[in-house]
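Some features that TrEMBL has for this protein:
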type     : residues      : note
DISULFID : Cys405-Cys432 : disulfide bond
DISULFID : Cys465-Cys492 : disulfide bond
DOMAIN   : 81-262        : domain 'VWFA'
DOMAIN   : 375-434       : domain 'Sushi'
DOMAIN   : 435-494       : domain 'Sushi'
DOMAIN   : 608-672       : domain 'Sushi'
DOMAIN   : 671-755       : domain 'HYR'
DOMAIN   : 756-835       : domain 'HYR'
Amino acid sequence: MAKIFKFQKISFFYIFFIAINKFSLTAALNKNDDEAIDKRLCNENSQKNFNIRNITKIEFLGSILKKHVQKLRDTKNWKVELVFLIDASGSVGVKNFNNELKFVKKLLSDFTVDQHTTRVAVVTFSSKSRVHRHVDYMTRPHEHNHKCALMQHHFPLIQYTGGGTYTLGAMLEAQSVFKFSRLDAKKTLFLITDGFSNNGNPKPVAEWLKQLGIEIFTIGISKGNVQELCEMASYPRVEHTYILNSFEEFEALARRALHEDLHSGNYVLQNLKYCQNLCNSVTENCCDTLATCKCGTHTGRYECVCKAGYYGSGLKGNCFACPQGTYKTFSSPGDVSTCSPCPDVNHISPLASSSVQQCICKPGYQLKKSICEAKLCPDLLPPKNGFFVQGNCSKSVNAACGLSCEFGYQLIGSSVRICNEDGIWSGEESVCQAKRCPSLSPPTNGFMNCSNNNFTIQTECHFHCTPDYSLTGSRSRSCLALAKWTGMQAHCNEVHSTTSISKEVHKIRTQRENVHGSVEPNKKHSRNKIGQITELCGIPEATPCVSDKPFLKITRLVRVKGALRFKSTSRKTFLASIVANSVNCIFSNDVSFNGAASNRIRTWATTIQCHALPELKNGLTHPKRCTTSESTSGSICYFSCFSGFKLLGPSNKTCLSNGKWSIADYHSYCKDITPPEMTCPSDQTVRTVLNENVALVSWNHPKPTDNSNISPYLYIIPSVHSPTYLPIGKHTIQYVAEDMGKNKAQCLFDVTVVDIESPRVDRCVSPPMPFIRKHTPMQIIWEEPIFSDNSGDAVHIVGPSTPLSFPTGTSNLVYYASDKFNNTSNCTVTITVQDHLCNKHEPTNGYLECKDSDNYIFCTSNCNHGFKFVNNPAPTYSCNYEEGRWEPNILWPPSDCAKSLKSKTIQQSTQLNFRGNSICNKSDLFIKLEISVGNVLNSKKINEDALKGDFDFMYEENKLRLVDMKTRERKAVCPTGSVPLQTDCGWFNYCLK
């Protein structure tokens, strides 16, 4: 009853410990009872039937070990010193020794091993002379001391030795290693053993190490000394001591507590030769030109690693640039998921970006507080007296806003403003100005009166000439809404005539005043000379002269055809502008020539000429003298335009007898009727950018020309600028060129953005475990693949229909995905169906011969011809269909087969049982036995290697004592009645004296 009570008390404490897993086991206990309870709990680990509320011993111990390993891995500065002491004694055996090494490898899978993070030392121990430090990265730290060297170079060299269990020597070796540990590193020791230590007590060394802050974990297997291991372990001992009943439990603990982490860690550059076994090539490098050979300090593998900005396996031809919109700052193997997306969805980056700084905002976006925001142009207002053609104006990038003016106003500036990608409006600021006609000037020898000096529309201008000048052209002109004047240009022409006087006198005298001296013909005099004759036409006869000024103080000036008469009372001289042919001027008797009175003077004159016409722009005037000199009465001038222009207005004009041109109010001009010319860009087809639904497109803008030699205005519909991104599809782009005559030319070209990129396989996972056919029909569920397309549209997926019937074995389900452009991709989901849980594992270079029964499968393992088993398999293996466990489990899976060769040497651990009548624990007896066994071996003369080895002696007290009545001597009894020796060849009996 006392024993049962003790177990219940311990079990209750375990339950309490699990409930407070966030606290130290001993925190809630009375300190005076800590040691006793901790020892009892530690000893309880060795219980074979350990079970608490359906939690097995392995589950419980595994959770504790896993917690401590995770704590080690989470060391803040990543600096950890790990020392492993591995038992290589004779009782362990080769297979279990390899399991010990496997445990170390699994534990290290959670750590990055290099000189800056975790440093490792591995010591194997058996007999006194067989304590070997195989790995030491602590006393001699070096850049080449990394996980790849540990796993692929140093671990394979660790060999099983056999012998005793010199735990003290292993602890002393650990002590010397820890002297070189880093002060700021977490220090931990793992001791793995299956037996009692001999040749010294290791506990004092363990105490010394614990006082230095070194955490000690002890793992005892099978016959381990529970008390000794508990006392060597760190406190609380129940969390640092793991007592297991067998190596099978040891393997189960490793599987539950340890796992291979998926983190990649750092990669250290290595020589290319270490990666040459990654491919089949002998002469060429296995790594791609964009990759280097590196060691994964966490994975422990040599790998070809693509450089930053690239992803892939790193093998030749398998480094790919990270897509646009992603970047990769480090070198590591992996698929495209190792390329990190840019921080913002509106970021873009070039292919193979290796820095987040290469992520910039897309065109039309700007960075604000680490976020790409759409650029907006400033508010655009219509000009005063103007409006937006579409009624409103967007501020977003590529928005086009048309501007126009109200009636009577004309637009100065750009009629179309486009919000550019830089957030600035294109073109010039627009202003609506009141329309103005061209400026007018008063005619020479005349003046002009206008209602508005700015010549805006509806302005009226009136023209007048000074005396003695005659007006030709329009007397008034109005500014029309078209910004053109009505009528013709006004001119003031001098009134003149050519006369001849047929008198043989060269002096004229009036009744009032005599003119001093002679006046030569055609000579003009100042009209300010009062009383003088301003003009004299006379000598010689028929000499023409021009009279342009009247005499002073003339009562009146009359223009007549025919006779010109004055009253007899008039005593003033006169001047008449005669425009007819020959006329008679009749006077009274007040005019005398050379003292002789005369009342009649006969005169004649020629007609007045028309002014020269202005040059015809973009045309010709015939004859040419019409524009270079005055035209006589009756002359006709003809107008014509150059090719591409149309004549508007009269095609000819006639000079009238009054000195005016016919149709004076209509102006002839040449109108441009030919549109500009330009060469349109060619049609083009462009592929989308990788993983995007747009393409970067560029073209050359056309350069229009016009027959007017003035560059036309060019605009584009829709408002895009080269280069630009265009989405998938066909895009028609139109250019329009407009000249000053409002003639337009347009051209169209197509840009087709095609998507030839196959849909992406985002997820395609086969069920990790096989399905067991327990009944028919059976339900099989798997995860269907996930596809996506760069176009952003849904993809069409075609796969096998459900439900399906699966045969025993492996079935491949192929799913096909296609986008609307008929690009396809596929992925395969593998379904494995087994009739039972028994998985066959055929040996390398061998095979299994199996037979099925109702509930079991029986197999025998065989080697191919010329090969033999490395370790002898079981004669027959059996597996229950329901349990899936092969028996004998300790020998499953069967050993691999190796090529058969004759060995020159062999190393074999042997156990010898002696019987005698001496007390077995005497040291001098051990020495005598060692000498005797050595002599026997020497006498066999096998070879020198046979002499190499250690002898370790263990004893057990007799459980049964027999007394010989004749001699009354105490004897040791061998229960088997013989001295057994177990070797790989079988059992043998020896007798040594």
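Each Cβ is built from the backbone N, Cα and C atoms, and glycine gets one as well.
Residues near Cys465 (disulfide bond) in space but far in sequence (CB under 8 A, at least 6 apart, same chain), listed by position: Pro443, Asn445, Gly446, Leu471, Cys492. According to DSSP, the domain 'HYR' (671-755) comprises 0 helix, 42 strand, 43 coil. In this view, Cys405 (disulfide bond) is surrounded by 22 other Cβ atoms within 10 Å of its Cβ, with every protein chain counted. Looking at which of 81-262, 375-434, 435-494 has the most CB pairs under 8 Å to the domain 'HYR' (671-755), the answer is the stretch 375-434. Cβ-based neighbour count (10 Å, all protein chains) for Cys432 (disulfide bond) stands at 21. In this model, the domain 'Sushi' (435-494) carries an average pLDDT of 87.
Counting every protein chain shown, 22 other Cβ atoms lie within 10 Å of the Cβ of Cys492 (disulfide bond).
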